[in-house]
Amino acid sequence: MLSDTICAIASGQINQAISIIRISGPNAFKIMEKIFLGKVGKSMEITFGWIHDDNQKIDQVLVLWFAGNKNFVGEDTVEINAHGGVLNTNLILELILKTKLARLANPGEFSLRAFLNGKIDLVKAQAINDLIHAEVKVQHQAALNQFLGKSSNFIKNLIEKIEEIIGIIEVNIDYPEYDDVEILTSDVLLPKINQLLADFDQLIKIANNSRLIYQGIKTCLVGAPNSGKSSLLNILINENKAIISEIPGTTRDVVEGNFVLDGLLFKLFDTAGIRKTTEKIEQIGIEKSYESIKKADLILHIIDASEKNRQNLDLKAKARPDQVYLKIYNKSDLLENQEEFKDEILISAKYQKIENLLEKIKSIFAFLGKNKEFVANSFQISQIELGKLAILDAKTSLESGFGPEIAIVDLRIAWKELKTIFGRVDDENLLDSIFSKFCLGK
């Protein structure tokens, strides 16, 4: 794979002031000698000249030269800074490919090469991709912590603890005659395993919060027809996306939108009003409402406070323990006496008076902004959970009467699952799967 040369537009297919075309591999400098009228630079040098095709000038550019491994990719690399028109940039890329000395890079292939060349580990590689795709401040900070290695230290600490236990077992197996070696029975080993499991549980608990950071907090707006769900969604996303009408059952399908609060991304779902109905299409919409409730992290149950005979929807009973449920009374502007609702979340979507709701949501999810050190993406969480399962298998073996020489097999599996987070893997398909999600040219 690393014996060929790759190229791609690193700055995206849009009109812009400056575009970047990246070439990496053993033929990078040779290609430039064919298409560049200007000085071939030394490593870490910038030179000025023309890109040409058989002396037909195409664009005046700046070229950054990186020889050897003194760059992100870890091999000979050239970056052409051209005028950023889409046509102009693609003409240069086509000219590079025309030399037959390079092929078009796959998505994420420059980062993959950086990983294979030992310039970055898998955590840092994924952090780069997360930085690129961050939509809100908390996502950006989480990705930056990953890139700086802050999260890695927590996982490395677990790896070291597993290695320590494996080492003790191996010494007992290989050198049983040594007087200064602690005799390792199941009774001695089990407390160490239990402590290890407690450490895994603590890390998984913290890591699971990362999903809310990376994927956004799925927020479902539910309630009876005409309670003000659509009005609230339009206020939150600052857009008239949901249809507002006095006719019950106007919203038939799930309407989606995003909003940012306190640096966190909330993904909103406005659902069909829930009520008893014989209308087939409306029934389908109500079924989708219940499906959205199941998927939500935050359930906002909107109730018309002005309605005397309110429909009793016991939606709280449908919420899981891991879901946040909030009952919100809307249409405060129609109330003569608000005393009944003094302990409730009372809003007026019509007049955009929702400050108390926003403050409540901020207070509930404030903990996500406080975890500045450890975050994990879905791949990393999966590996940590697989590691824990292997430790549980080791514990089961010991409790079933098997000796440490059996438990060590599962401990080594746990060790491997955690090491995979950093890219110590032999599975090429796994690497392809991870890096294929990256941008072209990265």
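Using the three backbone atoms N, Cα and C, a Cβ is placed for every residue, glycine included.
Listed in sequence order, Asn69, Phe72, Val73, Gly74 are the same-chain residues six or more apart from Lys119 ((6S)-5-formyl-5,6,7,8-tetrahydrofolate binding site) with CB atoms under 8 A from its CB. In the three-state DSSP classification, Lys119 ((6S)-5-formyl-5,6,7,8-tetrahydrofolate binding site) falls within coil. Per Swiss-Prot, the feature (6S)-5-formyl-5,6,7,8-tetrahydrofolate binding site maps to Arg22, Glu79, Lys119, Lys442.
Residues or ranges marked as domain 'TrmE-type G' in Swiss-Prot: 216-366.
What Swiss-Prot records for Asn226, Ser245, Ile247, Thr250 is K(+) binding site, and it gives sequence analysis as the kind of evidence.
Taken from Swiss-Prot, the feature GTP binding site applies to 226-231, 245-251, 270-273, supported by sequence analysis. Around the Cβ of Ser230 (Mg(2+) binding site), a 10 Å sphere holds 24 further Cβ atoms from the protein chains shown.
Per Swiss-Prot, Mg(2+) binding site is recorded for Ser230, Thr251.
Sorting the binding-site residues Arg22, Lys229 by the number of other Cβ atoms within 10 Å puts Lys229 first. Distance noted between the C-alpha atoms of Ser230 (Mg(2+) binding site) and Arg22 ((6S)-5-formyl-5,6,7,8-tetrahydrofolate binding site) is 47 Å. It is 51 Å from the Cα atom of Glu79 ((6S)-5-formyl-5,6,7,8-tetrahydrofolate binding site) to that of Lys229 (GTP binding site). The average per-residue pLDDT of the prediction over the domain 'TrmE-type G' (216-366) is 79, rounded to a whole number.
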